[in-house]
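> First, the structure itself, so that you have it in front of you.
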Amino acid sequence: MSSIALGVNIDHIATLRNARNVDYPCIIEVANIAVNNGADFITVHLREDRRHIMDDDVFRLKSSLKVPLNLEIAATDEMLSIAIEVKPKCVCLVPEKRQELTTEGGLDVGSIFSYLVSFIEKLHSYDIDVTLFIEPDISQIDLAKKLHANNVELHTGKYCNNATQNELSKIIKAAEHCHHQNITCHAGHGLNYQSAATIAKVPYISALNIGHFLICEAVLHGIGKSIYKMKQVIASTD
């Protein structure tokens, strides 16, 4: 079996729930189904505008999950306070714009480097691992290393939207550089069965984060079957 871990993002279960302001589908139940069908960890993005995941969702997931919780947040004081209270296994810092439909790209680490120094130190002081969601760019990885980030997650959106050898080469080179810098390398955004199979073959990538596609597949085939199939797809890359 592949050593690639599968993180399942369940944000859009909350989107469906919030469309009618009801308490179903139950995000805890979906998370448990995901885990029972191969999810190695659960990812949620608590956005500043609370458009899908709510604060209570995060606390409930943390208290009930038998696998690690990966909490995506913007690097703000409000989110830092919530993360410290929740104490997830890992916090993934992502850029955020209120008008965007989804995260549009990686962090510009250099532009907020000084701010991130104390932000990351604070998370580490509570034994929370830190991931930086970045473009597959060598300079961003070097900055992540200086910040003592535990992991980076390479933004695969550009490759998924334009599956050229050039875009894939950027990811391959970035993952190799992470290895040389002793930073754990994850990848995610826009992945489907086909693109996930390709990215899972990239040396030194240890985890994939996949959400929207799996939730869409769940409409047709069920959440359990969709996650199980994805797990088999990335496992078959050995």
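Cβ coordinates come from backbone N, Cα and C, glycine included.
The 3-amino-2-oxopropyl phosphate binding site annotation in Swiss-Prot covers Asn9, Arg20, Gly190, Gly211, His212 and is backed by sequence analysis. Sequence annotations record features per position, and here Swiss-Prot assigns 1-deoxy-D-xylulose 5-phosphate binding site to Asp11, His12, Arg47, His52, Thr102. Under the heading active site, proton acceptor, Swiss-Prot lists His45, Glu72, citing sequence analysis as support. The site 'Transition state stabilizer' feature in Swiss-Prot is assigned to Glu153. The active site, proton donor annotation in Swiss-Prot covers His189.
Describe the structural context of these features.
Same-chain residues at least 6 positions away in sequence with a Cβ under 8 Å from that of Gly211 (3-amino-2-oxopropyl phosphate binding site) are, in sequence order, Val8, Asn9, Ile10, Asp11, His12, Thr43.
Here the Cβ of Asp11 (1-deoxy-D-xylulose 5-phosphate binding site) has 21 other Cβ atoms within 10 Å, regardless of which shown protein chain they belong to.
Within 10 Å of the C-beta of His45 (active site, proton acceptor) we count 23 further C-beta atoms, all protein chains included.
Mapped onto three states, the DSSP output places Glu72 (active site, proton acceptor) in strand.
Residues within less than 8 Å, Cβ to Cβ, of Glu153 (site 'Transition state stabilizer') and separated from it by at least 6 positions along the same chain comprise Cys92, Thr131, Leu132, Phe133, Ile134, His186, Ala187, Gly188, Asn209. Glu153 (site 'Transition state stabilizer') falls within a strand segment according to DSSP.
Within 10 Å of the C-beta of His189 (active site, proton donor) we count 26 further C-beta atoms, all protein chains included.
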> Among the recorded positions Arg20, His52, His189, Gly190, His212, whose Cα is within 10 A of the Cα of Glu72 (active site, proton acceptor)?
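Passing the 10 Å Cα cut: none.
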> If you pair up every Cα among Asn9, Arg20, Gly190, Gly211, His212, the residues annotated as binding 3-amino-2-oxopropyl phosphate, what's the maximum separation in angstrom, rounded to an integer?
26
> Compute the C-alpha separation of His212 (3-amino-2-oxopropyl phosphate binding site) from His52 (1-deoxy-D-xylulose 5-phosphate binding site), stating it in Å without decimals.
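On Cα coordinates alone, these residues lie 13 Å apart.
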